[in-house]
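Peer 1: Look at TrEMBL and you will find 29-87 tagged as domain '4Fe-4S Wbl-type'. According to TrEMBL, the feature [4Fe-4S] cluster binding site maps to C30, C54, C57, C63.
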Amino acid sequence: MKAVTKELQRLRRRPQPYIPSMPWAARAGCQGHDPADWMDDGPGLPTGAARAICAACPVSAACLAHALAHDEPWGMWGGLTTRERVARRLRQAA
């Protein structure tokens, strides 16, 4: 099993009861858009439009930092999907 797939399975098995404080989120480019456009747990990946919004977002770096710090197991954060974040973290750990 690939390391990324194994890590995704671990992340998605853990309980998710917390709701973190994200004061930067009020300024996020994705505000007002359908959250489903950023989810990567279904049959498709986030759209190019979602990636473009993330690329132009003024809080993209904070968003990505949050996802990396909290091991967010779902969705696109800071322009990266869950799989992309896991792969990045595994590369940095190597």
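Quick reminder: no glycine exception, Cβ is built from N, Cα and C everywhere.
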Peer 1: Neighbour count, 10 Å Cβ-Cβ cut-off, for C63 ([4Fe-4S] cluster binding site): what number do you get?
Peer 2: 24
Peer 1: Got a sec? Which of these binding-site residues, C30, C54, has the most Cβ atoms within 10 Å?
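Peer 2: Answer by Cβ density within 10 Å: C54.
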Peer 1: Given the recorded [4Fe-4S] cluster site (C30, C54, C57, C63), which additional residues of the same chain have their Cβ within 8 Å of the Cβ centre, ordered by sequence?
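Peer 2: Along the chain, the qualifying residues are A28, G29, I53, V59, S60, M76, W77, G78, G79.
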Peer 1: Taking the Cβ of C57 ([4Fe-4S] cluster binding site) as the centre, how many other Cβ atoms fall within a 10 Å radius?
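Peer 2: The answer is 20.
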Peer 1: Under the DSSP assignment, what numbers of helix, strand and coil residues are found in the domain '4Fe-4S Wbl-type' (29-87)?
Peer 2: 29 helix, 2 strand, 28 coil
Peer 1: For the domain '4Fe-4S Wbl-type' (29-87), provide the mean pLDDT of the predicted model.
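Peer 2: Here the mean pLDDT over the domain '4Fe-4S Wbl-type' (29-87) amounts to 86.
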